[in-house]
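*Asks:* Got these off Swiss-Prot a minute ago, pasting:
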REGION    1-20  region 'Disordered'
DOMAIN    25-145  domain 'MTTase N-terminal'
BINDING   CYS34, CYS70, CYS108  [4Fe-4S] cluster 1 binding site
DOMAIN    172-404  domain 'Radical SAM core'
BINDING   CYS186, CYS190, CYS193  [4Fe-4S] cluster 2 binding site
DOMAIN    407-469  domain 'TRAM'
Amino acid sequence: MEQNLTTERSETSSSRAGTASRTDKKVFVKTYGCQMNVYDSQRMADALAAEGYRATDVIEDADLVLLNTCHIREKAAEKVYSELGRIRVLKEERAKQGRETVVGVAGCVAQAEGREILRRAPAVDLVIGPQTYHRLPSVVTRARAGEKIVETEYAVEDKFDHLPAPERTAVRSRGVTAFLTVQEGCDKFCTFCVVPYTRGAEVSRPVAQIVAEAERLAEAGVRELTLLGQNVNAWHGEGPDGREWGLGRLLFRLAEIPGLDRLRYTTSHPRDMDEELIAAHRDLIKLMPYLHLPVQAGSDRILKAMNRKHTAADYLRLIERIRAARPDIAMSGDFIVGFPGETDRDFEDTMRIVRDVNYAQAFSFKYSPRPGTPGADMHDQVPDAVKDERLQRLQALLAEQQRAFGESLVGTEIDLLLEKPGRQAGQLVGRSPWLQPVIVEENAGQIGDIVRVRITSSGGHSLFCEPAGTARVAL
């Protein structure tokens, strides 16, 4: 499984608009981890909105509290249990006031821990895995009746067939960019990764279902759509003709939807990057010139131990083909340092591949054994002090590459989608085609506009710019 870790370090509470009246029940959703969890939280909120639940950002006001959890990083479960301890106190205080609070744990920690959550955190009323969110309203109803529920079996039915479509007002409240999950699960079984055990086998949504959801999003004002999957380029969904489509063909179809001006996808596995998908990067102006393509390590010996089933040379040849098709593309990746058995020479191979690719940005982590994965049982675990030193060196190199990429854009003109107000008064923030935050004065246009700007400076992870033209309605 490949996981885009852009939001891995953040935890956000999800505010979802609904159509229920002010007197109806309220739900608070806290989201941990990746973009797919953000999408899942939105869909859970949509399902609950259909049952009269209105979203709130204030946990003290909530009748239902849901933690949508991530299990990728070390101690993920302990972080959840700590949060549940705080929620237990809140639940007890509300009970003294005669106010009922239902507490639920969803996501990958729920799938991995199951009934153990109820044992360790008695304040929890329901535990629900990622494949059964469509059952959430009925599960909540049962929990309100006093039942303790663990719903982590893989559903026979497809949850996407049963989840209600979000209300137009809810979509509008989420902004002009959106996520859309097209693929779930993983069949790769990398030895460091827990996802095949928490998300299950690879499943691809059919074309008609994806297109219908994308059209609804576009009609509600979404201008940039990011397709999500644990291995999104492994997507092979049923087309309208009953035949199997690949991700490249799907992108060509989505590019036909009026109002959708920008397309992205994440996260990909090198083994599933086929010619049709590379052609989409070459031919589709709506497909942004940015690709997150993790390699994890630069040593063939470590790649084999990780069960990646490709070599460093395979990866570099693939990068060459992609760049030949789309010369302006910026590459991103993931790296794990300190995998069991990693030697100094293996680590230098990783540093070499980073220099060879020259990433616009990338994410790097110390290896942490995940219970139940083959890597956790391997010998030659690398000492933490060695991991720390290697990670520091790798991150310094990646930071320098990111800084150089940002500075290379100074003086150029780009099309910028204005997404939201900036942190400072009088500013707006958008995203460059290469995914960097770009800050501009608010007189550049309205949120949802695509404007021509000139990059004036680069600082940290962000770019600064000035207007260079007028707002455009569509590409």
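From the backbone N, Cα and C atoms, a Cβ is placed for every residue, glycine too.
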*Asks:* Restricting attention to the domain 'TRAM' (407-469), give the mean pLDDT.
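*Replies:* Across the domain 'TRAM' (407-469), the average pLDDT comes out at 94.
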*Asks:* Looking only at C-alpha atoms, tell me how far CYS190 ([4Fe-4S] cluster 2 binding site) is from CYS108 ([4Fe-4S] cluster 1 binding site), rounded to the nearest Å.
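*Replies:* Pair distance, Cα basis, whole Å: 17 Å.
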*Asks:* Within 10 Å of the Cβ of CYS108 ([4Fe-4S] cluster 1 binding site), how many other Cβ atoms can you find? Include all protein chains, please.
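*Replies:* If we count other Cβ atoms within 10 Å of CYS108 ([4Fe-4S] cluster 1 binding site), we arrive at 26.
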*Asks:* For the domain 'TRAM' (407-469), what does DSSP give as the number of helix, strand and coil residues?
*Replies:* 5 helix, 35 strand, 23 coil
*Asks:* What kind of secondary structure is CYS186 ([4Fe-4S] cluster 2 binding site) part of, going by DSSP in three states?
*Replies:* coil
*Asks:* Cα-Cα, whole number of Å: CYS34 ([4Fe-4S] cluster 1 binding site) versus CYS186 ([4Fe-4S] cluster 2 binding site)?
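*Replies:* About 15 Å separates the two Cα atoms.
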*Asks:* Roughly how many Å separate the Cα of CYS186 ([4Fe-4S] cluster 2 binding site) from that of CYS70 ([4Fe-4S] cluster 1 binding site), to the nearest whole number?
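*Replies:* The separation of the Cα atoms works out to 16 Å.
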*Asks:* Whole-number answer please: how many Å between the C-alpha atoms of CYS193 ([4Fe-4S] cluster 2 binding site) and CYS108 ([4Fe-4S] cluster 1 binding site)?
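*Replies:* Cα to Cα, CYS193 ([4Fe-4S] cluster 2 binding site) and CYS108 ([4Fe-4S] cluster 1 binding site) are separated by 12 Å.
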*Asks:* Near CYS70 ([4Fe-4S] cluster 1 binding site), how many other Cβ atoms are within 10 Å of its Cβ?
*Replies:* 23
